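Asks: Would you mind keeping the following structure in view while I ask a few things?
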Ligand SMILES: Nc1ncnc2c1ncn2[C@@H]1O[C@H](COP(=O)(O)OP(=O)(O)O)[C@@H](O)[C@H]1O
Ligand SMILES: [Mg+2]
């Protein structure tokens, strides 16, 4: 039995290659993700261990904001210089170095633009001399207040800085400062940076002032142990000397720091890994359709063979077994190939990543997770997809062997009913997930989408006949077109499942598109109805929050003739009543309220003293706050503030939450605004004022001034990037769907060899034959696309409806985008048809018509 | 002599010293070993012979479906040996029609669409009067909207005949057109073929191994081992059977 199975396996190479390829691609994606993240993880491990090389014990202030379970990165408090002396006095201490480093030193490159990174920080710190780790490559150490050194990566990214250049740097203090570059440094092992970080080192007093905002303070203290003292002992001694827990310090060994950094980084990587695997899951889901189809076809074609086996005494179990064995064989081979390809892809991506980020790559390894997932996924998907057809095969009565095998045209009632039920279940899950607020909502939504897809896929055969015949009318002007259309309607199940595979990817893309288009439209309608701002100053941000600019610009802008009112907004992470959150502050609440058309429902929207706040009524209710209640707010620096609520307002689609009085921003990480809002008086030219404000911003290259329309566009641009990324990641699912079309067509051509021969015998040209096959492909692919567009629109609309309260006030359909997808799908059909149609046109008339 | 000879020698298709050799070396098969034959216009010619004697091969070579190893084939006045795929397609569109033993029709098309298929493929308009005549002759008027699966084997074969006739080719080639039919349906198809020769002057070449079928023809050519060994004019079934028996003995 086994030998018979394997033999027939080999005799259907093409189809096996195609369906195997779907599994290979999916497995490749999964194992590639594991290899990539594993290599990256180990690369960073070795990087982090060297970052803290030479530090035995490190002291920092307990962060006032952030850190543990928080939204933002931890914001270190400053340590007074006197603490260094305390540490120095601890027995067992060999040396003590004060570190004055913070993220946010942004070098302005040769092109006048701020140098950016793909995530690594832009550190500004104090020069403490060379070490085993840090080496001067060129020039000398900074000695005067106007001198800096930068690492090689910074010099390169800024467009080739040279020793002696004047370099503009933005720090956490307002305004651009210009320094003389006196040296360029690198790290041991010939590294230009540590993990792509950009570093600017000042003299210690300058670093303290610009990066920490205070004189004579440090962000951390690095300690080395004297000979014979263990790091752990030294840590405990230093901690004790600084007052233990109550002293407000965190004392850690270098190894602890390494482990912590590694751990948080690994968590980030794990998330990244999950995203990749999510997309691989979509691809594999689509691949399942393809394999299911292939096995149904194989079984249908082998009805006689299988029935003969049954007639000769084979049991149902053996029939079932023979199909499953095929599935296992394909799954195994595909897993091995997929794993190999995945390792290749992972290595390639890691190499690209290493080159872009400047991180030295660890040796490539294949983690067990990659191997296990490859085989589990590959085998599981294949066997699951083969089970249904196998069951059907086992039910073939032996008598079928003796009869002429007609393609069974079973009624679709059962399928339709189960499709409707499953679709309804999926819709319900989706609805519950979108409406719910619990922890399981994401799973409910994802599960709902998945189940809905299966439901729709089951309903597709029912739709196939009418839709396909309708679609096909477009092509019926030519005889080959008509024949192609008729062919695509011949086996509604096969057409349907092939189209459904394409549907999945397109539905997801369309859904995301609908959501983003609605977001865009909501944004622009809100901008025009709920905001009275004419010009907005803003910029992109990084991990530490949105870009900031010099508050002096706002003062100057407010005085420009034609500017009728101005308001600025500051932003930082803070602990509010113990919870980490981002918080906005504005010095002039009245102006701010009028910009956003906010009106007081209680109290006033105006500051009458320091430490005041306004809050929207919904949030107030949720947090049990009323007019006059106080909130305890801890900002990055300083002592906690008791902030009193002086007004409540009705939230709008663009504005909600707590806004604090401007006096608190002195305790912000950087006392610079992130947004400036200007209103232009009637009759004045917005354009002219925009140009003037632009001039005011020359020393603030991270922000720019935009009118309302430009601002909305710039915000939407982020959506477009997101969309491109999702499209790229879903391309794999679409590719697999295309393989499915190729597979189905190749099969049709094979099955209809006789017909093709007949057609050629009665005068059909090669080109006409090719056109006939192409029309069949295009009908299938546009059918799939239409399904995808319909389902995606439904999904997107459901999500938008569910997010109505979160600012999605408008439901918009990206018609032109959708039309593009439809056209692309038709093109995909044409491409998928290339090989099968060539094959069809090469059919040997004689062999085709000569029977037996 | 002139007039009658001229008519008699007007040729619809001819083979001149045609060889067809399959395989090489030990496994070489001479399916046709130097066959020369002329098939007259307006005649119903049957090709007979034992199984494996080269009947189908000869027909395929005459119809341009297969390339000859040596020799030349003409349809009407034009030589078809060495034509390109495009040339052969043109030939099939205008000059020849086919009736096969089975799988003659496209299952997706109705009988009428199947009949008109050769014309629509080549973008020609059917001649309505001729179409009606053909339909009347094959007696399919009330079956035109049916699909092949709704027709009996005999009806399907008659549709195939109508399809071959409707484009008025110079020659219709039929390979065992009644091989799969019961004797009554077979007789229907055969008399229909004979009538179209008699009434419309259609030229038909039919391969068969059934003496009864051959008796409908004007002329029977006997093949054995790739050679023409005999022929009969205005045959009866008994005469054909008699010849066949003699051939079998000779082989
Ligand atoms: N494609 C082929 N390859 C090799 N030999 C063939 C091929 N087609 C036919 N033959 C051989 O040529 C001879 C004639 O075949 P054919 O014309 O089909 O005979 P008939 O139709 O009279 O039964 C036979 O011996 C057959 O085996
Ligand atoms: Mg034959």
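Glycine residues also receive a Cβ, built from the backbone N, Cα and C atoms like all the rest.
Taken from TrEMBL, the feature domain 'MacB-like periplasmic core' applies to A:18-240, A:495-696. Taken from TrEMBL, the feature domain 'ABC3 transporter permease C-terminal' covers A:278-398, A:729-844. The transmembrane segment annotation in TrEMBL covers A:275-299, A:320-353, A:365-391, A:412-435, A:441-464, A:495-516, A:722-750, A:771-798, A:818-838.
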Asks: At least three Cβ pairs under 8 Å linking the transmembrane segment (A:771-798) and the transmembrane segment (A:495-516), pairs spaced 6 or more in sequence?
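Replies: Output yes: the transmembrane segment (A:771-798) sits against the transmembrane segment (A:495-516).
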Asks: Give residue numbers and ranges for long-range contacts of the transmembrane segment (A:441-464): same chain, 6 or more residues beyond its ends, CB-CB under 8 A.
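Replies: Cβ under 8 Å, 6 or more out: 285, 289, 412, 415-416, 418-434, 489, 492-493, 495-497, 499-500, 503-504, 507-508, 783, 787, 791, 795.
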Asks: Going by DSSP, how much of the domain 'ABC3 transporter permease C-terminal' (A:278-398) is helix, how much is strand and how much is coil, in residues?
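Replies: Helix, strand, coil within the domain 'ABC3 transporter permease C-terminal' (A:278-398): 103 helix, 0 strand, 18 coil.
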Asks: Any residues 6+ beyond the ends of the transmembrane segment (A:412-435) with a Cβ under 8 Å from its own?
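Replies: Contacts of the transmembrane segment (A:412-435) (Cβ under 8 Å, skipping residues fewer than 6 from its ends): 441-462, 492, 795, 798-799, 801-802.
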Asks: Please report, as numbers and ranges, the same-chain residues at least 6 past the borders of the transmembrane segment (A:495-516) whose CB is under 8 Å from any CB of it.
Replies: 282, 285-286, 289-290, 292-293, 296, 449, 453, 456-457, 460-461, 463-464, 468, 488-489, 716, 719-720, 722-723, 726-727, 730, 733-734, 736-738, 740-741, 743-744, 780-781, 783-785, 787-789, 791-793, 795-797, 799-800, 808, 811-814, 817-818, 821, 825, 828
Asks: When secondary structure is assigned with DSSP, how many helix, strand and coil residues does the domain 'ABC3 transporter permease C-terminal' (A:729-844) contain?
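Replies: So the counts come to 99 helix, 0 strand, 17 coil.
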Asks: Which whole number is the mean pLDDT over the domain 'ABC3 transporter permease C-terminal' (A:729-844)?
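Replies: The predicted confidence over the domain 'ABC3 transporter permease C-terminal' (A:729-844), as a mean pLDDT, is 86.
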